[in-house]
Amino acid sequence: MAQNKIEKSEEDWKSVLTPEQYHVLRQKGTERPFSGNLYYNKEKGIYTCAACGQELFSSDTKFESGTGWPSFYDVISSDRVRLHEDNSYFMKRIEVVCSRCGSHLGHVFEDGPEPTGQRYCINSVSLGFTKEEDTGKEKE
């Protein structure tokens, strides 16, 4: 279940996010491909919203798409994100935003692997990461 909704003023967001995070998360920017640390992350764990900490993606659904952004074929739960039509830059895309704080995460495309066929293409700067051993959910 999604966590309680968070609402902050843009000034409050500016005070808690880095300039790059603010640009991507709050102004719907896009980081340069292959520039984010989490693109290269191979550790087991949970990817969270960098703005509010809501759990979004499991490392079990991360895959190498070759696009330069972390890619996942599914979300932890469908109530963790909201999808919006995005027709900016003369393209038809589906924007992915955090359902808890409304921050821009990236886009979802229909060219991903099985079992969903989806590719959640997410800005690395939009994400936090908690290693599996830190979550207390280690597999036996």
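Including glycine, each Cβ sits where the backbone N, Cα and C put it.
Taking a C-beta cut-off of under 8 angstroms and a sequence separation of 6 or more, Cys121 (active site, nucleophile) has the following same-chain neighbours: Ser65, Thr67, Trp69, Pro70, Ser71, Gly106, His107, Val108, Phe109. Annotation source Swiss-Prot lists active site, nucleophile at Cys121, citing sequence analysis.
What Swiss-Prot lists as Zn(2+) binding site is Cys49, Cys52, Cys98, Cys101. When secondary structure is read from DSSP and collapsed to three states, Cys98 (Zn(2+) binding site) falls in the strand class. Taking a C-beta cut-off of under 8 Å and a sequence gap of six or more, Cys98 (Zn(2+) binding site) has these contacts in its own chain: Cys49, Ala51, Cys52, Gln54, Leu56, Arg80, Val81, Arg82, Leu105.
The average per-residue pLDDT of the prediction over the domain 'MsrB' (10-132) is 95, rounded to a whole number. Swiss-Prot lists 10-132 with the feature domain 'MsrB'.
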For the binding-site residues listed (Cys49, Cys52), most other Cβ atoms within 10 Å of the Cβ sits at Cys49
Which residue counts does DSSP yield for the domain 'MsrB' (10-132) in the helix, strand and coil classes, in that order?
32 helix, 40 strand, 51 coil
Sequence-distant neighbours of Cys101 (Zn(2+) binding site) in its chain (C-beta under 8 A, six or more apart):
Lys5, Ile6, Glu7, Lys8, Cys49, Ala51, Cys52, Gln54
